[in-house]
Amino acid sequence: MQTHQNFCRIWVLLLLLHVADGAFTFDLFENIAAPKEGDVRLAGSRSSSEGRVEVYHDGRWGTVCDDGWDIAEAQVVCRQLRFSGAKGVQVGQPYGEATGPIWMDDMICQGTEKHLLNCAFKSWGVTDCTHKEDVGIICENNDNNSKNAIYSLDHSFSLSDELGQLFDSEVGCDFLIILRSPTGHRFEYETEDMICAHKMILLLVPRFNASQGVSNITVDISQSCKPYFPTFLRYIYTRQIDVDLSSIHCLHWMASMFEVSIYNYAVETEDLVLQENCLQYLSWNFQNLTNSPAWPDISVKLLRAILVRSDLVVPNEYFVLQSVENWITDKDEAISLEDQALILNCLRFPMIPVEKLYVLETNSSLYNNHSKLYSEKILKAFQFNVLLFSDLLTNPKFDREERDYHPRLYVDYPWSVTISPSYSSRSLSTPSHNSLIFRSKTINWEANIYRSHYDCSNRRLQCKSLPMARLASHSHYHGNNIVYQNQLLLSCQGKYICHIQDFKSDLAYVTKNATHGLTYPCPDSQYTYQFVVRPVYVRV
């Protein structure tokens, strides 16, 4: 009942906002056809059930690269478009060549996601594909079921903007926030600033103490962060925020102070873009997360969402296992055995070095509670490490697409090498694969960064854009069933991963795509390059 009353009061405030602006108008069908963030459509075909996949992001329709596409990805798009399922995937421009941005690349879907945005992908606009690689799909045509179809009327995409207008106008506000900044002298403050907000909105954030009988709150804030407080407060209304280099420190401090979890907001409001941005950043900087004050308090759901990803940047898989086991142990009985098993099932045991697997029974703090799970996972890992790929394929239970058999981004020796701003090349030697049987079969690599066209021409290379990275092998033995999905990581000032780019034909262009540059900003481009070798099995 209370929730219903609060909901009604919010809409009354929005109606007051419209009345304050002049004549009141209400159109149920206004903007009904306007696309929303994350919408998908099929283009380039006369049939409504097939075509080129396009997704709506940042106010523009763009295409999706066919890298990694299979029936699972097609199923997600077809169901999002309210078809019963997918019939197939089309590659090679069967629906014509599109223009505009290529929004998504390297998609990984389980096939059960509700929206394409729920699937893993690089990042918005980060791709090395051309429009010749735009993916198309064919959906099951469910015309026979059209009489029973359910159609949704959804105007929620405009709610954020209207709540933002409500905050800006202060119409109907009933809660005063007083900002004061210390001068450096004891008990002395500069001129106070005041913001009038709405108690019904701030009840979502308990630390504001906007309960009944309380009409104001005083916040002590540094002078440098004070200009960003309205931006932070507006985010609580709209669930939208623009973060730049000048504001990121202050906004992080405010979120910590008021215990605002941007990821939890993204889940509650079904903001799929914000969810993916949060998960991507946490995955790229997982080691920082495990050392942060937030690590003990993250939810089981969030931890699992991170652990299923292949773009987890970690020293090695054993580090992931130790971090997860310590997290579960510290929780003691707060995490059920069922939830513990769900988390442990996200770990990729075949990627753990066999030396660590061998002592896991005695070294693991959770082995006794989950002996069956550990035994099955360890057996599976040993089989992966001592059998050839051709032998593994003879087992009907072996699924090469299973996440357990795909490496994450391991930055420990010998799988990666770093080039600092003062250097341009380094070499490294890796096993041809991370299974035990290939440990003695090494491959020599040369990693280079080309920062000028002179550097490129000196090596008889053509650099389409700068800087350009190159990771080339000087060894001929790769194995018939092994390919390398190598990655380039950009670390900003040695503090956080700000960009990841894959290699195509040994090359990676950091800012090749015109839609976006770096995924996350880095002051003065002060970043180091980390080259990661990532071998995977493929069926020939």
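Every residue, even glycine, has its Cβ placed from backbone N, Cα and C.
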Cysteine paired with CYS119, where TrEMBL records a disulfide bond, from CYS109, CYS139: CYS109
From CYS129, CYS139, CYS173, partner that TrEMBL gives for the disulfide involving CYS65: CYS129
Recorded disulfide counterpart of CYS139 (TrEMBL; options CYS78, CYS196, CYS225): CYS78
Cβ packing number for CYS129 (disulfide bond), 10 Å threshold: 19
Candidate nearest CYS129 (disulfide bond) in space, where candidates are the disulfide-bonded residues CYS78, CYS109, CYS139 and distance is Cα-Cα: CYS109
List of residues, in chain order, with Cβ under 8 A from that of CYS119 (disulfide bond) and at least 6 apart: GLU73, VAL76, MET107, ILE108, CYS109, GLN110, GLU113
Sparsest-packed among the disulfide-bonded residues, when each Cβ's other Cβ atoms within 10 Å are tallied, from CYS65, CYS78, CYS109, CYS139: CYS109
Rounded distance in angstrom between the Cα atoms of CYS65 (disulfide bond) and CYS78 (disulfide bond): 17
